[in-house]
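For 37-70, 109-130, 156-177, 198-221, 227-249, 344-366, 386-406, 426-447, 479-501, 513-533, 559-578, the entry in TrEMBL reads transmembrane segment.
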Amino acid sequence: MFLEFNPDSPLTLQDKAELIEGKVDWKGRIARKDKHGGFCTSLLILGTFAFENMATLALAVNLVTYFIAVMHLNVADAANHLTNYMGTSYILTVLIAFLADTYLGRSKAVLIAASIEFLGLGLLALQAHYPNFKPPLCNIYDPTSTNCIQVTGGNAALLFIALYLVALGAGGVKAALPTHGADQFDDKDPKEERQMSSFFNWLLMAVCVGGAISLTLIVWIQDHKGWDLGFAVSTIAMFLGVIVFASGIPQYRYHVIHGSSALTEIVQVYVAVIRNRNLQLPEDSNELYEINKDKEAAIEAEFLPHTNVFRFLDKAAIQTSSTQSETPNSWKLCRVTQVENAKILLNMIPVFCCTVIMTLCLAQLQTFSIHQGLTMDTRITKSFNIPPASLPILPVMFLIFIIPLYDQIVVPCARKFTGIPTGITYLQRVGVGLVLSSLSMAVAAIMEVKRKKVARDHNMLDAIPILQPLPISVFWLSIQYFIFGIADMFTYVGLLEFFYSQAPKDLKSISSCFLWSSMAVGYFLSTIVVNTVNHATKNITRSGGWLAGNNFNRNHLNLFYWLLSLMSLLNFFIYLFVSKRYKYRKEGHDVQIHGNGVLGLQNKKDGK
């Protein structure tokens with residue numbers, strides 16, 4: 001195993017100056033700054049992420065069309081299947097992060113997950129190619145069609161096995177790859193710390209580059225050359241991603257596997273709190289349990305001082321006569337550092353919860369907005385039509401240009417005024433994104449009112465999509481995508497940096513999972529909200545619900561968008577309260593940024 005640490009390697013004084021604490025090379029030797037990691041090496045990781053997004057982003061925006069047109073599901077079911085797939089992919093990041101942290105290592109987790117994703121995409125291509133593996137052809141939008149049979153039995157099993165293999169693989173890549181990329185930088189080196197902040201910005205750039213190809217080339221192939229060929233191109237892209245990542249194995253810095261999981265230690269704290277619930281907290285916090293700092297095995301950076309927040313968790317560290325006289329049971333007595341790690345995570349949960357609604361909004365742009373586009377005029381020229389699923393390319397292309405400007409010009413300028421390495425605080429970035437998310441849904445509602453008015457004015461409320469497109473350009477939908485794309489740049493990159501920087505040292509390996517888990521909850525919540533809205537409005541609308549049926553000209557999608565906009569706005573005001581109360585934990589080099597959330601900034605002066 002190439003991640004086993006070898007402490008007996010001979011080192012010169014010059015070598016020791018270049019050593020990186022806690023990181024090894026692929027042969028288990030202590031990693032060196034001049035040979036391993038750094039920004040150049042991280043480009044391979046960015047390239048891998050670009051290929052992975054090239055392979056899968058087309059699924060996120062076009063899979064609902066595949067479900068409806070090829071597998072003959074109704075619109076609501078197709079949307080729910082897509083959001084369930086996306087949610088599962090993101091929630092699996094927690095499981096993969098646990099395995100990577102405890103048993104596999106991040107690099108091996110990436111290789112295994114990418115291979116599983118490659119297999120799933122290959123199965124999708126196989127099913128799309130052979131007619132026996134899918135229902136007979138029909139036009140599901142034609143109300144007179146009687147031969148539209150939904151996918152069932154073994155074919156349905158093949159579809160969902162392939163789909164959830166992709167979900168498992170994509171979840172694994174998202175869980176391990178960003179953190180493995182951050183491992184290429186030394187956060188104790190001021191220069192590399194700034195490079196790590198740039199890495200997270202360029203990570204979004206990699207998503208945009210891969211996504212731009214996926215949203216144009218692959219979506220176009222799926223819609224015009226066949227779903228089988230489109231899935232095959234995605235499979236090839238995933239294979240190239242594996243090759244690019246594997247080529248960097250000799251140059252990477254690797255996090256040393258300790259055989260224990262930080263997640264397990266957090267769970268131990270809560271189990272110990274329950275078991276010690278009847279014990280009295282000591283007045284002196286020094287009486288709480290902590291291992292001897294003078295022990296040879298102890299590392300100073302692994303100790304966290306006691307804090308007075310969430311005092312109920314301190315019960316996990318209460319020593320009794322029985323625990324003092326024997327080897328402590330980790331499920332009954334925990335270190336103060338363990339307890340403080342649990343407190344840090346608990347302190348981040350309100351921020352985590354406030355970001356769920358944004359993914360709920362994103363899910364609608366990947367489902368219902370695509371179906372809106374199918375009813376509209378998609379012509380660019382007389383001979384070329386843009387696939388509705390390619391509309392997100394507009395904000396993606398904008399981000400490709402604005403991210404370098406933001407990283408190289410805006411951030412350095414803001415840094416001069418604020419003294420903060422990232423220009424503005426992480427939570428301020430998130431707050432800007434949340435506001436734009438609400439605005440995006442409001443614009444979506446206005447655009448839907450405009451689209452339905454065109455259908456009504458031209459007596460086309462019952463027109464069959466694609467065969468009879470409405471005389472309104474699909475590019476009207478680009479406005480909502482554009483606004484949400486800018487929200488993406490602020491919120492998701494801000495959250496990645498926030499979770500990575502605020503997580504304790506032992507929990508950095510799973511820090512990116514907090515973002516992915518937030519997105520998973522948002523996707524699952526989308527399924528619940530869609531079903532709830534349909535059920536609540538079933539008897540008060542002619543269509544049988546705001547989102548019921550396949551005829552978008554007669555349902556009430558605009559009201560649903562307004563509901564999401566109001567929910568997002570209310571969520572933002574809650575976020576203001578949460579971010580104002582949040583206090584950033586102290587980082588390396590005596591840099592400390594105090595709270596103020598999205599409401600203001602304080603420069604670090606004299607340790608304040």
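Each Cβ is built from the backbone N, Cα and C atoms, and glycine gets one as well.
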Interface check, the transmembrane segment (344-366) with the transmembrane segment (109-130), three or more C-beta pairs under 8 A: no
Of 37-70, 156-177, 227-249, whichever stretch has the most CB pairs under 8 A to the transmembrane segment (198-221): 37-70
Dominant neighbour of the transmembrane segment (227-249) in 37-70, 386-406, 426-447, 479-501, 559-578, by Cβ pairs under 8 Å: 37-70
Intrachain neighbours beyond the transmembrane segment (426-447), with Cβ under 8 angstroms and 6 or more residues off its ends: 351, 354-355, 357-358, 361, 364-365, 369, 372, 476-477, 479-481, 483-484, 486-495, 497-498, 501-502, 558-559, 561-562, 564-565, 568-569, 571-572, 575-576, 579, 582, 597-598, 601
Cβ-Cβ under 8 Å with the transmembrane segment (156-177): same-chain residues at least 6 beyond its ends: 45, 48-49, 52, 56, 59, 71, 85-86, 88-97, 100, 106-107, 109-110, 112-121, 123-124, 126-127, 133, 238, 245, 510, 512-513, 516
